[in-house]
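I have placed the structure first, in the form of structure tokens, so that the comments after it can refer back to it.
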Amino acid sequence: MLPTGIISSGCVSKLHLSSEVKPVRFGAEAGYESGVAPPTQATRSPVPPLKLTVVVAVALIDTDNRILLAQRPEGKQLAGLWEFPGGKLEPGERPEETLIRELREELGITVKEPCLAPLTFASHAYETFHLLMPLYICRRWEGFVQPLEGQALKWVKAQELRSYPMPPADEPLIPFLVDLLV
């Protein structure tokens with residue numbers, strides 16, 4: 001069992017604390033007959049792997065504990081849906097560098113790396129790629145938030161986030177923000 005301090009911090013899920021977790025079994029213990037190998041990559045039907053795309057997102061939180069959402073503009077994939085600001089990780093770039101660059105380009109604000117705190121991540125398979133999306137939180141930045149790429153912006157309370165249609169990859173992030181801010 002884990003120490004109480006870790007449990008109360010909200011960082012450990014009930015899954016991690018379950019006494020129902022069963023040990024991994026191999027061979028006959030796992031139900032395979034002696035001499036019969038379990039299915040391997042060579043014996044499974046070939047499924048081409050999806051390209052992995054990393055998009056880094058941030059929940060900008062203002063002094064009223066509201067979160068900034070940006071609406072994807074017309075002409076972009078998933079146009080009209082609301083999302084957390086951020087962007088695609090470029091080769092050789094760290095996630096924090098991606099956010100600093102994207103927030104300057106999209107919103108005209110300056111964020112310093114120590115003001116970015118990782119909260120959680122989402123992993124979602126779209127039809128043509130697999131998205132991995134780390135979510136950071138940020139409460140301090142310099143400048144005024146402006147929609148520099150034609151996107152609509154809205155400051156929203158955490159408990160109102162589900163009222164805004166979001167891409168499927170963003171939806172699992174909502175409970176973490178609700179737990180943090182409500």
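Cβ coordinates are placed from backbone N, Cα and C, and glycine is handled just like the others.
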Same-site residue for 8-oxo-dGTP (record: TrEMBL; known: Glu83, Phe84, Pro85, Gly86; options: Arg72, Arg94): Arg72
All-chain count of other Cβ atoms within 10 Å of Arg72 (8-oxo-dGTP binding site): 18
Pairwise CA distance, Glu106 (Mg(2+) binding site) versus Pro85 (8-oxo-dGTP binding site), rounded so that it is a whole Å: 8
Extra residues within 8 Å (Cβ to Cβ centroid of Arg72, Glu83, Phe84, Pro85, Gly86), 8-oxo-dGTP: Ala57, Leu69, Ala70, Trp82, Asp170
The domain 'Nudix hydrolase' (51-179), counted residue by residue under DSSP: helix, strand, coil: 31 helix, 49 strand, 49 coil
